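> Quick one: the structure is below, questions incoming.
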Amino acid sequence: MSLETPRTHYTSQIDIEQIGDDKVTVCGWVHEVRDLGGICFVVVRDREGRAQITLVKKKIDKEIFDAARKLVRESIVAVTGTAKAEGKAPNGYEIIPESIVVLNEAESPLPMDTTGKVDAELDTRLDSRFMDLRRERTTAIFKIRHEVLRAVRDFLSKDGYIETCSPKVVATATEGGTSLFPITYFDREAFLNQSPQLFKQILMSGGLDKVFEIGPIFRAEEHDTRRHLNEATSIDIEASFLDHFDVMEVLEDMVAYVYEQVIENEAASLKALDIELSVPKTPFMKVPYSQAIDIVNAESEETVEWGGDLGTVAEHTIGEHVFKETGESHYFITDWPTEIKPFYAMPYEDNPLISKSFDMMHRTMELSSGAQRIHIHDMLKARIESQGLDSDGFDFYLRAFKYGMPPHSGWGIGCERLVMTMLSVENIRDTVLFPRDRKRLSP
């Protein structure tokens, strides 16, 4: 199929002073039709915004006028005409059409409202995601998500990191545990990978020095909360000859840069979401684990023993404490007990009970985990076995530590949680085009 009237502009690109009397063609969805008898207004929507098409009955071809009045909402149209300044119209102009071509007429009634005038439940919107994406707020979230990932790549690439890709079908659990999706790989059992961790460490032995990956991870955890997904997008780095303090600095600087870029490049999307974003101040506050549990025990009804994990109540308590003290939402919890961190986290030499590990937190939830890694083969093998895992199953990983593995550190941060906390989105599923959670496998 070839278009007789190819698009010349997005609706946001039309500049009256530059275009003059030249013809323009916009293509998109019929957002609204207002028939006032002697005048008809058609609002056409595309990815970048809206354009008002103005038809005055006495000044336009009767066939075009009658066709415009009968347009079905959400039909696909191509409109060609002359743009004129009109301060009351979207983007400050209107188009006086010489042709309106219906490229595909929508059925009626629609599965959901796209104007934002009628609210719909999240599951209703996800069931008809193709319609939900036509809502300005939904589009804004995914434009910002795109900018977040673009900024991440830009920041890390400029800092000398090489983008890599690790396999998503693996034979061994990355970090132990049972939260894996088993699959059949020809005649063998395999799993969907829960993290690129082991592979990015192997790359340190290969001499790539500093790497990053943006890709899917899979967790077979039966959470059913607003903060959890079973398929998510993880942003990971690994870097040789850097310790945990070094990579914490990389992480906080990257987060600040991402916020800067979103503010600079997605002002219209932020406006659509009615959000005024500010750049987090660096360096982020560092709260040792021992101090964190003291805060929880003193300021909440929850009690956390040393060596216990931090739940939702604890995270909120610490987050509020930090916010009151600094006015900032981002901070680190450092120096976690070795036994509750993954086997590859490096213990302190003078106190092996504490690891060189950290979580980067937002006021409302955990965003990232990282650590300096164990780079000594025998120590790493012993840690694997101390957690009840079979070291033979990690041979492909351990071999890389026998022949010259440099000291290295790294972290992973969830893209969805980063976007969710940035935009104060209530449910993490709103930050994924087609989310996979405990109950949803389609669309």
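The backbone N, Cα and C atoms fix where each Cβ goes, glycine too.
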> Swiss-Prot records Arg219, Ala220, Glu221, Arg227, His228, Leu229, Gly414, Cys415, Glu416, Arg417 as ATP-binding residues. Which of Glu264, Glu266, Glu276, Glu366 is assigned to the same site?
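Candidate listed by Swiss-Prot for the same site: Glu366.
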> With Swiss-Prot as the source, which of 37-40, 197-200, 241-244 is set down as region 'Aspartate'?
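Based on what Swiss-Prot states, region 'Aspartate' spans 197-200.
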> Return the residue, from the listed binding-site residues His228, Arg417, with the maximum count of other C-beta atoms within 10 angstroms of its C-beta.
Arg417
> By a Cβ-Cβ criterion of under 8 Å, what residues six or more beyond either terminus of the region 'Aspartate' (197-200) are in contact with it?
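Here the qualifying positions are 164, 166-167, 172, 174-175, 211, 213, 236-238, 342, 344, 394, 397, 410, 412.
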> May I ask which of the recorded positions Pro90, Arg219, Ser369, Arg373 is closest to Cys415 (ATP binding site) if we compare their C-alpha atoms?
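Nearest by Cα distance to Cys415 (ATP binding site): Ser369.
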> Looking only at Glu366, Arg373, which of these binding-site residues has the biggest number of Cβ atoms within 10 Å around its Cβ?
Arg373
> Cβ distance under 8 Å to Ser369 (L-aspartate binding site), same chain, sequence separation 6 or more: which residues?
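Ser357, Phe358, Asp359, Met360, Trp411, Gly412 - these are the non-local Cβ neighbours of Ser369 (L-aspartate binding site), listed in sequence order.
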> Other than its own, how many Cβ atoms are within 10 Å of the Cβ belonging to Glu221 (ATP binding site)?
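15, counting other Cβ atoms within 10 Å of Glu221 (ATP binding site).
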> Within the region 'Aspartate' (197-200), count helix residues (DSSP H, G, I), strand residues (E, B) and coil residues, in that order.
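When I sort the residues of the region 'Aspartate' (197-200) into the three classes, I find 4 helix, 0 strand, 0 coil.
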